[in-house]
Amino acid sequence: MAVAIAAARVWRPNRGLSQAALLLLWRPGARGLARSHPHRQQQQFSSLDDKPQFPGASAEFIDKLEFIQPNVISGIPIYRVMDRQGQIINPSEDPHLPKEKVLKLYKSMTLLNTMDRILYESQRQGRISFYMTNYGEEGTHVGSAAALDNTDLVFGQYREAGVLMYRDYPLELFMAQCYGNISDLGKGRQMPVHYGCKERHFVTISSPLATQIPQAVGAAYAAKRANANRVVICYFGEGAASEGDAHAGFNFAATLECPIIFFCRNNGYAISTPTSEQYRGDGIAARGPGYGIMSIRVDGNDVFAVYNATKEARRRAVAENQPFLIEAMTYRIGHHSTSDDSSAYRSVDEVNYWDKQDHPISRLRHYLLSQGWWDEEQEKAWRKQSRKKVMKAFEQAERKPKPNPNLLFSDVYQEMPAQLRKQQESLARHLQTYGEHYPLEHFDK
């Protein structure tokens with residue numbers, strides 16, 4: 001409109017134009033055209049005064065053909081608080097957490113590590129059908145969980161068991177879910193590691209990759225409209241960030257100004273695909289500004305860096321109603337799952353480096369030792385105690401029966417429709433006739 005007005009001010013009416021044509025050219029505010037006179041001196045016009053008015057972007061005109069080159073600047077820096085020996089680098093960034101809270105961080109990570117080892121071996125022995133470990137990524141879980149309010153809603157992917165662990169989710173329920181027994185909150189309907197807990201505001205995990213991202217945005221939008229003073233945090237891996245749902249979620253969150261934290265665990269591999277084959281840009285954090293999202297990249301093996309970033313993101317997300325993106329750089333030490341053999345696509349030396357030289361548990365242990373809050377005797381006692389606790393829950397879960405097969409048909413409708421009741425009756429007749437072919441003794445009566 002401004003360009004049209006400027007042009008109108010220097011335009012001389014052609015005597016051949018009718019009065020009607022002149023009226024069609026005039027618009028409110030274009031006074032120069034309405035008052036123009038053939039003998040009035042033209043105003044000087046400079047292209048420097050021509051400012052972009054396009055509604056889609058805020059920018060300046062340039063007169064040189066130049067494409068934007070990828071990675072022309074150095075990569076987004078990685079924020080950290082502790083070095084690999086657990087020493088605080090910049091005292092002003094020390095969160096100064098009390099001893100009790102730091103010990104809870106450490107015990108949550110080590111308890112998760114112990115549970116992982118036992119359940120991984122139980123799958124290898126055929127006791128459960130599937131499992132996914134969290135080796136190497138424990139710091140991203142508990143560091144972020146500690147910075148949230150307990151009522152903040154969590155949407156996980158499938159490798160965030162530490163968030164529930166920090167929220168005091170009982171070991172018995174972890175085991176019940178993996179075994180699919182009668183104590184499982186999901187009534188045995190989900191495959192292992194698909195946890196969920198309404199009381200702890202942890203939305204049940206679903207297998208399809210990245211579906212939780214737009215769902216989390218919807219929940220955050222609802223929280224905003226309800227003035228709930230809560231944030232939604234959505235976890236995902238860098239592989240899931242390549243899914244279309246990630247784009248939809250990022251864009252909706254930015255345009256609807258939702259109080260959400262997108263937490264990306266960049267662990268180096270999307271199953272067997274390394275990051276070098278996943279994207280050419282500067283990781284995931286670099287995508288945030290393009291959507292209008294505040295973004296940061298942190299050392300995911302530094303639990304304090306994760307804590308600080310999440311705490312500040314939460315504060316601002318609630319206060320300002322805007323999304324934040326945290327990319328936590330870490331490494332998946334374990335196999336993708338019990339269905340994967342990572343030795344086929346990475347070296348043992350590579351894995352050993354991260355396990356021995358830059359493990360989040362080791363880093364926090366160094367910090368505790370330097371503070372005088374932990375010693376080797378306490379370490380041995382806790383490791384023994386944690387294993388005993390996990391084994392007790394493990395043995396209890398193994399002894400409990402599976403849910404009654406009739407529960408397959410419940411919790412779908414408030415009142416069971418005729419078609420579903422017909423299927424239930426059909427299953428009952430089938431089991432009555434051929435029950436000896438099924439391990440019904442393992443199911444609740």
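Cβ from N, Cα, C; glycine included.
Remember, it's a predicted structure, so these values are computed and weren't measured experimentally.
If you look up Swiss-Prot, you'll see TYR158, ARG159, SER207, GLY239, ALA240, ARG265, HIS336 marked as thiamine diphosphate binding site, on the strength of similarity to another entry. Residues annotated as K(+) binding site in Swiss-Prot, with similarity to another entry given as evidence: SER206, PRO208, THR211, GLN212. As annotated by Swiss-Prot, Mg(2+) binding site applies to GLU238, ASN267, TYR269. What Swiss-Prot lists as phosphoserine is SER337, SER339, SER347, and the listing cites similarity to another entry. According to Swiss-Prot, the phosphothreonine annotation covers THR338. According to Swiss-Prot, the N6-succinyllysine annotation covers LYS356, LYS380, on the basis of similarity to another entry. Residues or ranges marked as N6-acetyllysine in Swiss-Prot: LYS356. Marked as transit peptide by Swiss-Prot: 1-45.
Everything Swiss-Prot records as a feature, shown here on the structure.
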| residue | record | DSSP (3 states) |
| --- | --- | --- |
| TYR158 | thiamine diphosphate binding site | coil |
| THR211 | K(+) binding site | coil |
| GLU238 | Mg(2+) binding site | coil |
| ASN267 | Mg(2+) binding site | coil |
| THR338 | phosphothreonine | coil |
| LYS356 | N6-succinyllysine | helix |
Other than SER206, PRO208, THR211, GLN212 themselves, what residues in this chain have Cβ atoms within 8 Å of the centroid of the K(+) site's Cβ atoms?
ILE205, SER207, LEU209, ALA210, GLN215, ASP245
Around LYS356 (N6-succinyllysine), how many other CB atoms lie within 10 A of its CB?
9
Cα within 10 Å of GLY239 (thiamine diphosphate binding site) is the criterion; apply it to the recorded positions SER206, PRO208, GLN212, TYR269, SER337, SER339 and give the hits in sequence order.
TYR269
In terms of Cα spacing, which of the recorded positions ARG159, ALA240, SER337, SER347, LYS356 are within 10 angstroms of THR211 (K(+) binding site)?
ALA240
Provide, as an integer number of angstrom, the distance between the C-alpha atoms of GLN212 (K(+) binding site) and HIS336 (thiamine diphosphate binding site).
19
Count the other Cβ atoms sitting within 10 Å of the Cβ of HIS336 (thiamine diphosphate binding site), across every protein chain shown.
20
Measuring Cα to Cα, tell me the gap between LYS380 (N6-succinyllysine) and ARG159 (thiamine diphosphate binding site) in whole angstrom.
27
Measuring Cα to Cα, how far is THR338 (phosphothreonine) from GLU238 (Mg(2+) binding site) in Å?
20
If you count other CB atoms within 10 A of each CB, which of ARG159, ARG265, LYS380 wins among these recorded positions?
ARG265
